[in-house]
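One structure follows; several queries about it will come next.
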Amino acid sequence: MPNITNNHTFNIVQLSDLHLTGDIGQAPSYQRFLAVFQTAKHLNPDLWLLTGDLVNDGNSDAYDWLFNQLQATKIPYLAVAGNHDVTHEIGIHLAHQERIHVPILPDRRLKNCFRYTFQAGHDWQILLLNSSVSGEIFGLLTHETLLWLDQTLTTHFEQTIIALHHHPTKVSSDWIDAHLLKNHQDFWHVIKKHAHVHTILCGHVHQVHTLHPLPAHQVQLLSCPSTDRQFMPFVDNFQIADTPAGCRMIQIDNKGIVSSYIQIVQNTHSFCLNNAN
């Protein structure tokens with residue numbers, strides 16, 4: 001179990017919605033990721049946490065490239081699937097409702113029903129859930145996954161962070177809220193029973209949100225910017241936002257106090273130009 005010493009924090013860097021596609025290591029999505037990743041390395045992470053939509057077309061070579069980048073840092077990493085990791089989207093130049101979605105198998109290195117523990121003032125656990133559905137954009141947690149979550153929280157009382165791809169609460173954007181976690185009420189029914197759930201991390205929305213969905217519960221829901229492109233928040237129809245890529249830092253000090261901030265990277269476009277050879 002990783003542990004922190006006095007006057008240090010346990011630092012989790014959340015990376016999400018990479019959408020790696022095109023020439024491996026060279027295409028713009030790779031270069032934008034590398035710009036964010038190089039910045040994130042200087043944040044002294046103790047864990048890389050990737051919350052889905054890593055690769056756009058299921059290319060195993062793209063996953064190999066990504067996981068080689070992570071392994072080279074010698075820092076532990078965890079990753080869950082997003083809808084694009086289990087769905088090949090054909091016709092990306094078309095309107096969303098006109099695209100064809102073909103089911104694909106997830107990479108075997110993506111986690112589901114996985115428990116990771118560390119110490120930071122108190123004992124902590126991170127629970128990874130697969131919310132992706134092959135051939136679909138929306139999310140769903142299977143009965144077996146919800147049962148595992150409930151049983152794990154019942155038998156392990158560590159302070160808990162849960163990571164999944166799909167947002168389990170609406171974010172006031174109609175088009176992306178149509179593709180949230182479909183059985184979110186079942187998910188929250190489990191969470192309500194367990195006061196030691198502290199933070200839920202998600203991707204999918206390409207937006208930054210801090211929400212408190214359960215007024216009588218301490219739990220906070222944090223979403224993460226994409227390392228690729230951002231979606232315009234608080235609009236009913238799909239729009240790309242002219243805002244920087246980035247990642248989320250979650251810090252837990254030796255008193256068990258959690259803080260978080262967004263690290264943005266302004267020069268991803270310049271990074272693409274400088275490395276597109």
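Quick reminder: no glycine exception, Cβ is built from N, Cα and C everywhere.
Straight from Swiss-Prot, here's the annotation block:
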| type | residues | note |
| --- | --- | --- |
| BINDING | D17, H19, D53, H206 | Fe cation 1 binding site |
| BINDING | H19, D53, N83, H84, H206 | AMP binding site |
| BINDING | D53, N83, H165, H204 | Fe cation 2 binding site |
Just the number: how many Å between the Cα atoms of N83 (AMP binding site) and H165 (Fe cation 2 binding site)?
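The separation of the Cα atoms works out to 8 Å.
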Under a criterion of Cβ-Cβ distance under 8 Å and sequence separation of at least 6, what residues of the same chain contact H204 (Fe cation 2 binding site)?
S16, D17, T51, G52, D53, G82, N83, G139, H165, H166, H167, I176, H179, L180, S223
Out of these binding-site residues, H19, H84, H206, which one has the fewest other C-beta atoms within 10 Å of its own C-beta?
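Fewest other Cβ atoms within 10 Å, among the binding-site residues H19, H84, H206, is found for H19.
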Specify the count of other C-beta atoms within 10 Å of the C-beta of N83 (AMP binding site).
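Taking every protein chain into account, the count is 23.
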Between H19 (Fe cation 1 binding site) and H84 (AMP binding site), what C-alpha distance do you get in Å?
8
Please report how many Å separate the Cα atom of H84 (AMP binding site) from that of H206 (Fe cation 1 binding site), as a whole number.
13
